[in-house]
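According to Swiss-Prot, the active site annotation covers 220, on the basis of sequence analysis. Per Swiss-Prot, Ca(2+) binding site is recorded for 134, 163, 167. Look at Swiss-Prot and you will find 93, 238 tagged as N-linked glycosylation site. Residues or ranges marked as signal peptide in Swiss-Prot (evidence: sequence analysis): 1-18.
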């Protein structure tokens with residue numbers, strides 16, 4: 001949507017909610033039936049198409065047909081698929097899994113709208129023109145896990161040539177974005193699309209960003225309105241405007257490292273944050289002090305001094321199925 005604005009665990013768990021330890025848990029899962037962690041683990045959990053039919057696709061036509069229904073299904077993507085087209089609508093109870101690093105969607109993105117229980121994993125999505133929508137858009141939907149994806153465009157064009165990479169809008173809820181490589185883009189990840197949408201969004205937009213590598217981003221890394229965010233174990237490299245909390249959002253920011261940022265963590269229109277063990281790399285935390293000190297799920301922290309080695313080279317489309 002367009003608006004003016006293998007080391008880390010896929011299932012990091014088992015630690016006390018109030019006092020996660022600064023250790024690395026190497027528990028990365030690689031099976032098609034893995035369940036999500038973070039906010040996507042709540043509200044009944046996110047299992048995607050586990051237990052359903054399995055198919056492998058390698059063409060645009062086969063892909064669009066395979067992901068559309070709400071029946072349980074696991075759809076493997078084999079090789080690159082290139083098509084200039086609007087976002088492909090994804091049905092509920094779906095797992096979309098790239099078989100390896102060649103599984104890249106180019107020119108079109110994915111839309112999860114009014115759906116639930118969706119997993120998008122080990123997939124590349126790149127160079128989706130603004131007229132075709134976001135690379136990954138999540139609207140009016142709950143329980144979505146985006147894991148080990150590589151999303152990008154370029155910064156050779158102006159900021160409106162492409163739209164968002166991963167955008168959550170219209171009361172999307174219980175979402176986890178983990179182990180992703182998010183790079184080479186102007187406006188990366190928007191949570192809450194408008195200052196005027198508080199009536200719909202307040203009480204929703206709960207999202208976890210964990211173990212991600214953000215690189216060469218101008219802004220929205222991420223930008224959160226109204227919702228509740230948890231950003232941890234992530235490495236931010238040459239991200240001009242980083243985490244922007246706004247319009248009453250509450251964000252817990254832990255165990256991250258920033259290099260080359262001008263605004264690492266900041267508020268707009270009364271957004272709030274609590275930060276713990278972050279290396280802002282010379283930039284400042286100017287966010288208003290928040291109240292979100294714990295989250296209702298287990299997780300572990302690697303520590304800001306270890307984030308780069310833990311995330312770079314591991315985040316992104318690095319799995320094989």
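We number each residue from 1, going along the chain as drawn.
Every residue, even glycine, has its Cβ placed from backbone N, Cα and C.
Recorded residues residue 134 (Ca(2+) binding site) and the residue listed as 'active site' have their alpha carbons 14 Å apart, per Cα-Cα distance.
Within the group of binding-site residues (163, 167), the Cβ with the highest number of other Cβ atoms inside 10 Å belongs to 167.
A straight line from the CA of residue 163 (Ca(2+) binding site) to the CA of the residue listed as 'active site' spans 12 Å. Around the Cβ of the residue listed as 'active site', 25 further Cβ atoms fall within 10 Å across all displayed protein chains. For the pair residue 220 (active site) and residue 167 (Ca(2+) binding site), the Cα-Cα distance reads 10 Å.
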